[in-house]
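As annotated in TrEMBL:
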{"type": "BINDING", "residues": "T526, R531, S698, T699, E747", "note": "L-glutamate binding site"}
{"type": "DISULFID", "residues": "C759-C813", "note": "disulfide bond"}
{"type": "DOMAIN", "residues": "441-810", "note": "domain 'Ionotropic glutamate receptor C-terminal'"}
{"type": "DOMAIN", "residues": "451-515", "note": "domain 'Ionotropic glutamate receptor L-glutamate and glycine-binding'"}
{"type": "SITE", "residues": "I677", "note": "site 'Crucial to convey clamshell closure to channel opening'"}
{"type": "SITE", "residues": "K793", "note": "site 'Interaction with the cone snail toxin Con-ikot-ikot'"}
{"type": "TRANSMEM", "residues": "571-590", "note": "transmembrane segment"}
{"type": "TRANSMEM", "residues": "649-670", "note": "transmembrane segment"}
{"type": "TRANSMEM", "residues": "829-855", "note": "transmembrane segment"}
Amino acid sequence: MIVDKKGSFELQLIVQRLRSHKHPAECCRRDQSAYFVSLQRVLMWLHCAAILDDPMECNRGERLAITLAKESINKNTNRSTTGKLEVDIFELLRDSEYEMGETMCQIMSKGVVAVLGPSASPASNSIISNICGEKEVPYVKVAPEDILKVHYPRFTTLDLRPTNTDISLAVAGLLTFFNSTTTCLICAQADCKYGLLNLEQLLRRFLISKETLSVRMLDDSQDPTPVLKEIRDDKTATIVVDANTTMSHIILERASELGMLSVYYTYIFTSLEFSLLQLDDVADQRVNIIGFSVFNKTHPFFQDFVISLNRSWQENCDHAPFAGIPLSSALFFDAVYTVVAAVQELNRSQNVGATQLSCKSSKIWEHGTSLMNYLRMVELEGLTGHIEFNSKGQRSNYALRIMQNSQDGLRQIGLWHSEDGLSMERTLPSINVTDTLFNTTLTITTILENPYVMLRQNHQDLEGNDRYEGFCVDMLKELADILKFKYRIRLVGDGHYGVPGANGTWTGMVGELISRKADLAVAGLTITAEREKVIDFSKPYMTLGISIMYRVHLGRRPGYFSFLDPFSPGVWLFMLLAYLAVSCVLFLVARLTPYEWYNPHPCIKGRCNLLINQYSLGNSFWFPVGGFMQQGSAIAPRALSTRCVSGVWWAFTLIIISSYTANLAAFLTVQRMEVPIESVDDLADQTAIEYGTMHGGSTMTFFQNSRYQTYQRMWNFMHSKQPSVFVKSTEEGIARVLKSNYAFLLESTMNEYYRQRNCNLTQIGGLLDTKGYGIGMPLGSVYRDEFDLAILKMQEDNRLEILKRKWWDGGKCPKEEDHRAKGLGMENIGGIFVVLVCGLLVAILMAVLEFVWMLRQTPGNEVRQGYLTCICFVSLYEAFQFPALTGEATLPPSVKPERNKAKDVPHIYLRVHIHIFFHL
């Protein structure tokens with residue numbers, strides 16, 4: 001090849017400007033025409049060979065790319081000269097080392113300056129690299145790294161495709177940027193370690209930990225469904241797909257069938273042909289799909305290249321629409337320009353001429369080493385971005401564009417540079433969650449629990465959400481009106497709220513959120529730190545705490561003589577003995593002392609020597625009774641001794657009566673407030689009353705994880721108690737409280753609800769803790785902020801309080817206990833009425849007996865048959881004939897004696913007694 005000095009100097013200036021310019025793409029656009037003019041002067045004859053392993057015109061378009069590159073170069077070459085670029089294309093029908101060896105010998109015999117390709121033949125790439133290395137003919141490789149990794153690659157091999165290590169670093173940067181907690185790598189290759197992704201580099205740069213990354217390979221059937229199901233069950237949110245374009249599309253289709261194309265998942269595809277994925281059918285599902293692209297759309301020939309490929313596709317391929325530019329075709333296009341640019345540089349110092357070589361001889365190409373050196377010095381802008389190589393012949397100083405799917409197609413959200421690393425845009429294109437929720441049907445998992453979610457009485461006749469009612473159902477309706485979404489209520493399968501198992505899996509509603517079987521969990525779901533690690537919660541819509549439910553303690557039923565309870569029977573007995581002793585002592589003292597004997601009528605003649613003593617035996621027993629009852633009597637002690645007895649007795653009765661009064665009030669109060677336990681400490685310090693929680697709930701988890709000594713002791717008791725003290729539902733716990741000596745630990749809101757509907761239930765003590773109910777969502781849910789704002793709005797509008805009153809009020813029991821003193825009923829003091837009635841009856845009986853006794857004192861000869869009856873009726877008749885309200889007791893005429901006869905005295909006295917009784 002002959003190159004004039006003027007052309008060589010112009011090309012040198014172009015190359016220098018390419019190297020020194022800050023924006024090679026702009027430089028390339030300005031100097032494109034100058035570059036082709038320089039080719040006219042420099043290029044006389046350039047012969048290359050390209051090996052294609054895809055002979056179909058309707059596939060990767062590699063043949064067309066080489067033709068376009070060749071025609072573009074030759075078109076800009078002066079037609080008056082005979083120099084031009086020739087690229088011989090060799091088709092590889094199968095990936096065979098023997099056939100590849102035969103083909104390479106044919107290529108060497110023709111005399112070429114470089115060998116290009118193939119794009120997807122690992123075994124052939126190894127043969128090409130070895131033969132080119134032996135003959136020192138440059139080999140520009142467009143295929144991925146070999147599965148059988150060569151630790152010491154040939155100097156003559158040049159990798160135009162980005163290396164696996166760089167792709168691994170880019171993926172690791174994305175995982176770090178998105179703060180992925182769990183990631184799964186799906187490999188469609190036979191060996192993940194040497195597939196499209198360098199797994200070792202990914203593990204080294206994945207900053208979280210190796211345990212958070214799981215690797216799953218597709219089996220021989222190449223069906224990704226089982227692998228995707230395992231990923232869904234493992235609650236993995238970020239999925240890295242290491243597969244070609246065809247398999248990647250199959251994985252997306254299977255993921256869509258499994259419901260894994262949602263906002264909860266992020267897919268990162270390692271294939272550089274991300275633009276070829278058909279994402280139109282998944283864009284509406286708002287799934288986050290990220291991939292890489294190396295295409296430089298600002299290249300001057302890019303649009304013409306796309307149009308040419310599309311036209312060729314339409315002319316030769318009518319079975320499918322044109323998907324986009326295959327990476328291999330763009331790499332072949334850039335490979336041709338790379339070789340031409342290097343040859344131009346080499347021609348500045350020596351004349352490059354191709355030499356025909358034979359596989360049977362040891363002759364090498366004399367310009368091969370020099371051309372390889374110049375190939376490593378090439379810097380230009382191609383269809384795949386900036387083209388530059390390091391000393392190992394690998395692509396360097398280039399960028400991978402981070403692409404994300406959207407409803408408007410792919411958009412660039414960041415850039416990974418081989419020198420500077422990941423650089424994401426300051427504000428990522430965020431999803432408008434309000435628009436996302438609009439008219440979207442969310443799956444709601446819940447559990448039957450009064451009054452949050454209940455079945456209607458006629459639920460058998462209803463369908464869908466109409467079967468349910470309750471606080472949470474009404475709250476869902478309010479949220480749906482605010483956020484404009486639809487929902488479908490589904491009961492949780494195992495009937496649990498959610499607790500972690502021994503193998504780390506969660507049960508209940510929490511488990512369904514983790515596995516993405518539901519979008520929301522709306523129930524009395526308590527916000528706990530342990531649950532926050534695996535799911536997200538909205539702001540609490542209700543504040544509560546753990547409380548103790550126990551049945552109302554009825555105590556001992558008060559009897560009619562409960563007024564005797566303040567004193568024990570022994571005290572009452574000793575009080576009776578004290579009364580008898582005082583009465584006897586008073587009688588004896590009054591008889592012994594001379595000062596208690598006195599003359600009641602000292603002025604009447606004939607009665608001066610009459611002395612009486614007021615403390616007869618009857619009065620001696622009556623006087624202590626009057627003092628004990630604090631009523632006094634007409635008897636006043638006269639002597640110092642009797643006054644001493646009286647004072648001591650009055651002091652005794654004062655203490656006794658005061659003690660009785662105080663003790664009676666205290667006794668009635670204690671009887672009203674009597675409960676076996678008053679606080680959680682009392683409950684923990686005894687074993688007679690069993691206590692427990694609902695199995696699988698947050699209350700059980702609270703005691704299980706508590707470090708407080710009292711709660712730890714309670715957990716040890718509950719955990720070791722047989723039979724088990726844990727219940728399956730709140731209704732079962734309440735039934736156990738009412739039927740046995742059992743205390744139920746549950747949320748205060750549930751306690752309040754059931755206490756208002758069953759007056760035999762009560763709450764013991766205050767709250768053990770403070771927490772809240774929230775709406776559960778899968779980890780990383782984009783709906784969280786929207787639901788937070790909606791709940792805050794409902795709280796500000798007092799709508800949540802209105803709903804709570806609707807479902808909590810209306811019970812038959814008082815809302816709060818009345819702490820005012822309660823009136824005593826007949827069951828408390830009925831006995832004193834019995835005493836009163838009995839006393840009255842005894843008094844009447846005694847009066848009758850006294851009356852009869854007086855009649856018997858009348859002489860027998862004076863008592864005639866019917867005489868007593870006549871006197872009684874006559875006396876009664878005469879008694880009612882005189883005024884009874886005057887207070888005067890004059891004798892009626894029938895009573896006045898006509899003569900003073902001794903025999904008339906008894907019956908006259910009787911008639912006077914009856915008369916005075918009825919008038920006074």
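Positions of Cβ are set from backbone N, Cα and C atoms, glycine also.
What TrEMBL says about a protein is an automatic prediction, not a curated fact.
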Note the mean pLDDT of the domain 'Ionotropic glutamate receptor L-glutamate and glycine-binding' (451-515), expressed as a whole number.
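Looking only at the domain 'Ionotropic glutamate receptor L-glutamate and glycine-binding' (451-515), pLDDT averages out to 89.
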To see if you understand the setup: which same-chain residues, six or more apart in sequence, place their Cβ under 8 Å from that of C813 (disulfide bond)?
R755, Q756, R757, N758, C759
Let me know the largest Cα to Cα distance in Å among the L-glutamate-binding residues T526, R531, S698, T699, E747, as an integer.
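Site span for L-glutamate, by Cα atoms: 17 Å.
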What are the helix, strand and coil residue counts for the domain 'Ionotropic glutamate receptor L-glutamate and glycine-binding' (451-515) according to DSSP?
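Tallied per class, the domain 'Ionotropic glutamate receptor L-glutamate and glycine-binding' (451-515) gives 27 helix, 13 strand, 25 coil.
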Counting only other Cβ atoms and using a 10 Å cut-off, which of the recorded positions I677, C759 scores lowest?
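Comparing Cβ neighbours within 10 Å for the recorded positions I677, C759, C759 has the fewest.
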Can you tell me how far the Cα of T699 (L-glutamate binding site) sits from the Cα of K793 (site 'Interaction with the cone snail toxin Con-ikot-ikot'), in Å?
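Cα of T699 (L-glutamate binding site) to Cα of K793 (site 'Interaction with the cone snail toxin Con-ikot-ikot') measures 29 Å after rounding.
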List every residue in the same chain as T526 (L-glutamate binding site), at least 6 positions away in sequence, whose Cβ is under 8 Å from its Cβ.
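Those within reach of T526 (L-glutamate binding site), by Cβ under 8 Å and sequence separation of 6 or more, are Y497, G697, S698, T699, E747, K771, G772, Y773, G774.
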Given R531 (L-glutamate binding site) and K793 (site 'Interaction with the cone snail toxin Con-ikot-ikot'), what distance in Å do their CA atoms have, once rounded to a whole number?
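Roughly 25 Å, rounded to the nearest whole number.
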Have a look at the recorded positions (R531, K793) and report the one with the fewest Cβ neighbours inside 10 Å.
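Minimum Cβ neighbour count within 10 Å, taken over the recorded positions R531, K793, occurs at K793.
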Let me know how many other Cβ atoms fall within 10 Å of the Cβ of T699 (L-glutamate binding site).
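The answer is 24 other Cβ atoms.
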Between K793 (site 'Interaction with the cone snail toxin Con-ikot-ikot') and I677 (site 'Crucial to convey clamshell closure to channel opening'), what C-alpha distance do you get in Å?
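Rounded to a whole number, the Cα-Cα distance is 42 Å.
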Other than T526, R531, S698, T699, E747, which residues of the chain come within 8 Å of the L-glutamate site, judged by Cβ distance to the Cβ centroid of those residues?
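The surrounding set, listed in chain order, is Y497, L525, I527, T528, G697, T701, F702, K771.
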